[in-house]
Amino acid sequence: MTTIQVTTAAKSYAVTIEAGLLARVGTALAQVWTPCQVAVITDTNVGPLYAQQVRDRLIAAGFRVTVLTVPAGESSKSWPQVMRLIDALSAAHLTRSDGVLALGGGVVGDLAGFVAAIYLRGIAFAQVPTSLLAQVDSSVGGKTAIDLPTGKNLVGSFYQPDVVLIDPHTLTTLPPRMLVEGYGEIVKCAALVGGDFWALVQQVTQPAAILAQAAPLIHQSIAFKARVVMADEKEGGQRQLLNFGHTLGHAVELWGHGRYMHGEAVAIGLVQVARLFAAQGMMPAALADQLRDRLTAVGLPVALPADLTVTALLAAMQHDKKIHGQALTWVYLTAIGQPAMHAVPLTDLATWIAPVTGPLQP
Ligand SMILES: NC(=O)c1ccc[n+]([C@@H]2O[C@H](COP(=O)([O-])OP(=O)(O)OC[C@H]3O[C@@H](n4cnc5c(N)ncnc54)[C@H](O)[C@@H]3O)[C@@H](O)[C@H]2O)c1
């Protein structure tokens, strides 16, 4: 078992990582919450696998439990689901002394966190993340959100959980593509941190190694995210480093309309941004190859899709939230573990990305 303490202006909370933790989720939660009513929010994939066990353990520890299930998938990060859940909390008479527990991936965490943030102006919130992406990233940091038809994560709040309980065993039921996708974010963090973390990802030479090394990989990722969040809770400066690979990656993801999962698009973004900065003489070319090797070892894509056009890529990049004052800020590395930032005026963007978009149609 390892524990990382996250301390923000709003709250200090523990993130516990332990194989088999679900079997003692009740006693673990009882260390931070006094017995109360808990609404376990889960989805139609995770619920059938783990909700009964979580419910039984919570009841054994003295909690009263209501399980609420939303359809699996991004479309549940919506106003209709928020309203349905809030109505259910109210119907179950949850009070300010009660709590919401998110049991699932990043979708459930973002949705349940938002519901906890606004119901009765905010009730207690706990995270039990079950996807790799949620275990290494979305469960820590306090960002909650739902989507609008006009874009992802457009409504939400910063709302930190009281505790994050991570059981890497839950990853054994995660579909392989989702496991690998979550690993894309881990490689990003390891490259930003360097040292032992980068040495650890060298050991992942095939997809099965992600599961074998899950606990230390999660620990290193969370420790890094916690440091960044503690330094910069609301994304003013340091937190921007987490956008490494996301400028191109997010544009590819948007353009693909579901063809690429987020971590797959980030993998493409990481290697392409490294090639871009290498071409500008700002990053050693060998770094792009190192990143490529780590990502392709588990089967992640790294090439820009051949049917992507430069026009479509530039159009997708116009939606980037990192555009400030008519310039787009890119994160790059001067060495493994040495991140830096560079702002490019929007008017220069087409020329700036030309070294990697050369083979694409205009
Ligand atoms: N809040 C943040 O800081 C933050 C950061 C990154 C991403 N996100 C959000 O996270 C979401 C993506 O998260 P995700 O990739 O976990 O997606 P997800 O929640 O949709 O989970 C992926 C799929 O795996 C299933 N699943 C999850 N755990 C499982 C398990 N143990 N066994 C079997 N199936 C399981 C889910 O039902 C779903 O079908 C996006 O909405 C994104 O915006 C939030």
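Cβ coordinates come from backbone N, Cα and C, glycine included.
What TrEMBL says about a protein is an automatic prediction, not a curated fact.
What TrEMBL records for 68-179 is domain '3-dehydroquinate synthase N-terminal'. Annotation source TrEMBL lists NAD(+) binding site at Gly106, Val107, Val108, Gly109, Asp110, Thr130, Ser131, Lys143, Lys152, Thr170, Leu171, Thr172, Thr173. The domain '3-dehydroquinate synthase C-terminal' annotation in TrEMBL covers 182-322. Taken from TrEMBL, the feature Zn(2+) binding site covers Glu185, His246, His262.
Look at the Cβ of each of the binding-site residues Lys152, His246, His262 and count the other Cβ atoms within 10 Å; the largest number goes with His246.
If you take the Cα of His246 (Zn(2+) binding site) and the Cα of Lys152 (NAD(+) binding site), they are about 15 angstrom apart, rounded to a whole number. The Cβ of Asp110 (NAD(+) binding site) lies under 8 Å from the Cβ of Lys77, Ser138, Lys143, Thr144, Ala145, Ile146, Asn153, Gly156, each of these being in the same chain and 6 or more residues away along the sequence. When secondary structure is read from DSSP and collapsed to three states, Lys152 (NAD(+) binding site) falls in the strand class. Using a 10 Å radius centred on the Cβ of Gly106 (NAD(+) binding site) and all shown protein chains, the other Cβ atoms total 24. In this structure the alpha carbons, written CA, of Ser131 (NAD(+) binding site) and Glu185 (Zn(2+) binding site) are 12 Å apart. Of all the binding-site residues listed here (Ser131, Thr173), it is Thr173 whose C-beta has the fewest other C-beta atoms within 10 angstroms.
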